[in-house]
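Per TrEMBL, the features are as follows:
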- 1-17: compositional bias 'Polar residues' (COMPBIAS)
- 613-623: compositional bias 'Polar residues' (COMPBIAS)
- 636-648: compositional bias 'Polar residues' (COMPBIAS)
- 61-608: domain 'Major facilitator superfamily (MFS) profile' (DOMAIN)
- 1-47: region 'Disordered' (REGION)
- 613-648: region 'Disordered' (REGION)
- 98-118: transmembrane segment (TRANSMEM)
- 124-144: transmembrane segment (TRANSMEM)
- 151-172: transmembrane segment (TRANSMEM)
- 184-207: transmembrane segment (TRANSMEM)
- 214-237: transmembrane segment (TRANSMEM)
- 278-298: transmembrane segment (TRANSMEM)
- 310-328: transmembrane segment (TRANSMEM)
- 383-406: transmembrane segment (TRANSMEM)
- 418-438: transmembrane segment (TRANSMEM)
- 444-462: transmembrane segment (TRANSMEM)
- 474-492: transmembrane segment (TRANSMEM)
- 584-603: transmembrane segment (TRANSMEM)
Amino acid sequence: MEPSTALASHSTLQLSTPHPYPPPSVVAQPKIPARGSETTQKEQERWPPAGYGRWNIRIRMMLCLVIPTYLDTLDYTVVATAQPHIASDFNRLDLQSWIGTSFLLTSTVFLPIFGSIADILGRHWALQVALLTFLVGSAVCTGAQSMIALLAGRGLAGIGAAGLVSVIRIIITDSGSLNEDNIMNAVLIVFYTIGFSTGPVVGGALLNKSFRWIFGINLPPCAVSSVLIFFVLRPILRPGQPSERLRYLNTNIGLPSQAPSKPDQKETRIHKLLRADWVGTILFIGGGILILLALSMGSSVEKRGYSSPIVISSFTIGFALIFLFVAWEYLVSSYMAAAVDEALGRPRRFPRSLYRCPNWLRLTEPAIPLDIFKSYDVVATSFAALTGGMVLFAGFYFLAIYFAIVQGYSAEDSGIQLLWFAPGLGGGTVIALIMIRLVKQPKYPSMIGCALITVGIGLLTTALSKNSPIQLKIYLLVTGIGLGLSFGPLMLQARYCQPSSRVATVVSMNNFFRTAGGTIGLAQLSAVLDTQVKNHIKDLASSGSLTPDQIASLGSLDSVHNILALDPSIRVLVQDTFRLACRWSFISLIPWCAIAAVMCLFLKTIPKENLKNGPTQTDTAGAQDTEKVGAISAADPSSSTLRPETRE
């Protein structure tokens with residue numbers, strides 16, 4: 001649309017105060033390009049259509065991303081098998097779940113934050129920040145002299161892991177086409193499968209030396225990966241994304257006070273600082289940590305559990321902060337919508353106060369745009385990702401407890417038993433890759449995968465009931481296939497039902513819910529396990545199966561070594577108690593999985609035009625508004641939306 005046409009169509013836009021600068025010529029003003037047009041052109045240069053150039057980029061990405069992906073997977077698979085033994089070394093088996101929870105807690109709440117960092121700073125520097133944080137956290141764990149220091153290091157490493165998970169998945173989905181995303185996601189899950197396959201075995205072997213080697217092994221690969229990414233991957237990664245709001249708004253923030261605002265101005269460092277949603281980030285991190293802490297403490301606080309005052313206080317303050325976060329995100333989003341409405345002369349949809357906001361707030365972009373949750377597909381895939389995270393993380397940790405305590409396996413042998421999960425995950429990934437290439441829709445493998453997860457968890461409970469390790473391995477394979485089928489397609493479904501400009505946001509949120517599921521799952525299964533163990537011990541005492549002296553000896557259930565050192569007659573009863581408790585822990589997952597499977601049945605079919613390179617229809621609609629705003633501003637700078645306080 002030409003500026004003169006846009007100005008004529010919006011001639012009713014009245015101004016109460018003149019602009020201090022004379023209106024420049026319409027011809028002299030550049031036309032603002034449609035949102036996503038420059039990005040699409042650069043992406044086409046960065047991602048050649050086909051042939052050698054495309055495979056060259058794929059190989060470079062595989063070479064550089066395999067190490068951080070493997071490190072992330074290796075960390076929680078190694079720690080999953082070694083967790084009871086690490087806690088036993090500090091004689092704090094009661095805190096064994098916190099080794100995983102402290103990691104998952106920080107890696108959960110920082111996932112959406114790294115999505116914003118990747119957009120503002122660019123993919124390369126966001127990944128470098130994540131690697132450095134992960135390295136420092138691993139170093140702290142390596143030298144920890146107490147359980148508190150170990151948990152602090154795990155929390156710091158979790159922040160780095162959040163960046164690794166989020167930024168790597170964002171880089172993979174930057175290509176903008178379903179076929180390319182499908183291939184790269186399959187490669188990524190293969191890397192995860194390698195970590196799942198070797199992690200438990202490597203963890204068991206390292207644990208036989210010292211648990212410090214489990215964390216120390218991360219240090220050299222982190223340094224090598226950082227150098228490799230800088231020299232090999234940096235040139236082809238997407239840089240910091242331009243502010244969407246600068247495309248809509250004429251602002252002289254960050255420019256000399258006498259410089260007139262320009263519709264084509266470049267983003268300054270001050271703009272980048274103001275873009276970050278600092279208030280929303282603090283509210284989200286504070287509320288998320290308190291809620292996740294309450295879930296974890298409720299399952300570990302003795303006697304009172306979730307009725308403990310500290311747990312209740314954490315829940316109350318945490319949910320209050322999340323409520324404030326939602327209100328703040330709505331306010332920030334409304335400021336932008338109000339500014340665009342005013343510039344286009346649309347009827348006001350918001351209270352008049354929203355049209356009079358501080359200049360700096362007009363540049364702030366919401367950390368999590370709430371309108372993405374208006375899409376049913378985003379809600380359904382987020383819930384399915386949450387249940388998948390519960391199965392993935394909780395399954396590893398609690399099956400490790402089963403093999404270590406009930407079967408009496410060593411850490412290395414326990415890791416070998418969990419290897420049955422890896423072929424299922426890899427096989428499911430291959431099946432999903434083939435299905436998407438054939439049907440051109442990610443919803444079908446998502447449906448089948450979520451249904452298969454539900455069946456697999458149900459079968460695992462029967463294997464635990466019969467105390468059959470062979471059946472347990474087979475059903476673990478089935479569950480792995482279900483996770484492999486749904487792991488990548490769920491993210492692709494969410495990504496392609498939203499504008500391409502929101503790749504980082506959608507991918508980060510999908511990863512957030514998956515990791516949050518791990519944290520919630522650990523808290524839920526820990527609570528069920530502890531409750532079932534205590535109740536079963538009480539039943540044994542009331543039935544006379546345990547004498548008072550034998551019950552007194554059970555006070556030493558704070559480590560795997562002490563349990564296995566019990567008198568055989570008592571040890572059998574304790575092991576059977578933990579077996580039944582593990583079974584009920586997995587039963588508690590079935591309702592979550594069933595609901596996710598039903599929700600995925602109603603996923604929408606993604607239009608074919610949205611599955612190709614370039615902006616989606618939503619982007620095109622947004623670009624039209626951008627063009628209109630730019631045309632108005634070019635024709636008359638006095639229409640700047642920076643000064644709404646001068647209007648009636």
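Glycine is no exception: its Cβ is also placed from the backbone N, Cα and C atoms.
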For the transmembrane segment (383-406), sequence-distant contacts whose Cβ falls under 8 Å of one of its Cβ atoms, 6 or more beyond its ends:
76-77, 80-81, 83-85, 97, 100, 104, 413-415, 417-418, 421, 446, 450, 453, 457, 460, 464, 467, 472, 476, 479, 483, 486-487, 490-491, 510-511, 513-522, 524-525, 529, 560, 563-564, 574-576, 578-579, 582, 585-586, 589, 592-593, 595-596, 599-600
Mind checking which residues of the chain, 6+ beyond the ends of the transmembrane segment (98-118), have their Cβ under 8 Å from one of its Cβ atoms?
75-76, 79-80, 83, 86-87, 126, 129-130, 150-152, 154-159, 161-163, 165-167, 170, 276-277, 281, 284-285, 288-289, 292-293, 296, 300, 365, 367-368, 393, 397, 504-505, 507-509, 511-512, 515-516, 518-519, 522-523
For the transmembrane segment (184-207), which partner among 151-172, 418-438, 444-462 gives the most CB pairs under 8 Å?
418-438
Are there residues at least 6 beyond the ends of the transmembrane segment (124-144) whose Cβ is under 8 Å from a Cβ of it, and what are they?
68, 71, 114, 117-118, 150, 152-164, 166-168, 171, 212, 215-216, 218-219, 222-223, 225-226, 229-230, 233-234, 237, 239
Restricting to the same chain and to residues at least six past its boundaries, which positions have a Cβ under 8 Å from a Cβ of the transmembrane segment (444-462)?
381, 384, 387-388, 391, 395, 428, 431-432, 435-436, 471-472, 475-476, 478-487, 489-490, 493, 583, 586-587, 589-590, 593-594, 596-597, 600-601, 603
Within the domain 'Major facilitator superfamily (MFS) profile' (61-608) only, compute the mean pLDDT.
80
